[in-house]
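Below is one structure; the comments refer to it alone.
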Amino acid sequence: MRQSKIGLALGAGAAKGWAHIGVINALKKMGIKIDVVAGCSVGSLVGAAYASDHLDAMERWVRSFKYWDVIRLMDFSWRRSGLLRGERVFNAVNEIIEVQDIADCVLPFGSVVTNLTTGRELWLTEGDIKQAIRASCSMPGLFSPVWFGGYWLVDGAVVNPVPISFGQSNGSRSGYCG
């Protein structure tokens with residue numbers, strides 16, 4: 001009988017963050033059961049897919065990428081708030097992650113973001129999962145900030161690149177970081 005919860009903290013890393021999928025698959029293969037998941041930036045994207053039981057679909061999508069597919073996902077914007085609009089990539093993500101609300105995930109999940117006004121981290125644990133992911137992936141300069149829950153939010157990696165604090169606050173005594 002296990003005595004403590006195991007948390008999974010998935011950090012930032014842009015394209016390198018897709019390696020989180022392999023880490024999760026390895027943990028599953030070893031029989032390690034994750035109890036709570038947190039992610040920021042690409043870790044939020046992968047973490048949400050895992051917490052909502054859509055990791056296999058996410059992996060198939062990522063493995064299907066060819067060079068030109070990645071280029072086609074880039075929708076440049078000439079607004080001052082971000083180089084990319086992000087509509088194409090986040091529309092694709094919306095098709096993969098079918099859950100609408102964070103509370104409907106199979107595992108407790110927190111999308112870690114930075115409050116642009118205060119400069120502090122926030123944990124999004126309820127509400128629209130796609131907006132929470134988008135906010136957590138909104139790297140300043142690359143994507144525009146996201147208005148969510150009454151705040152302007154950007155990438156959680158600005159203040160917490162590997163969000164272990166979320167798991168600790170949710171009762172995890174041990175954890176895995178990616």
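Cβ coordinates are placed from backbone N, Cα and C, and glycine is handled just like the others.
Caution: TrEMBL annotation is automatic and unverified by curators.
Over in TrEMBL, the protein carries these features:
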- Ser41: active site, nucleophile (ACT_SITE)
- Asp155: active site, proton acceptor (ACT_SITE)
- 8-168: domain 'PNPLA' (DOMAIN)
- 39-43: motif 'GXSXG' (MOTIF)
Rounded to the nearest Å - Cα separation of Asp155 (active site, proton acceptor) and the residue listed as 'active site, nucleophile':
6
Give me the non-local Cβ neighbours of Ser41 (active site, nucleophile): same chain, 6+ apart in sequence, Cβ-Cβ under 8 Å, ordered along the sequence.
Gly11, Ala12, Gly13, Ala14, Gly17, Ser136, Cys137, Met139, Asp155, Gly156, Ala157, Pro161
Mean pLDDT, the domain 'PNPLA' (8-168)?
90
Assigned element (helix, strand, coil) containing the residue listed as 'active site, proton acceptor', judged by DSSP
strand
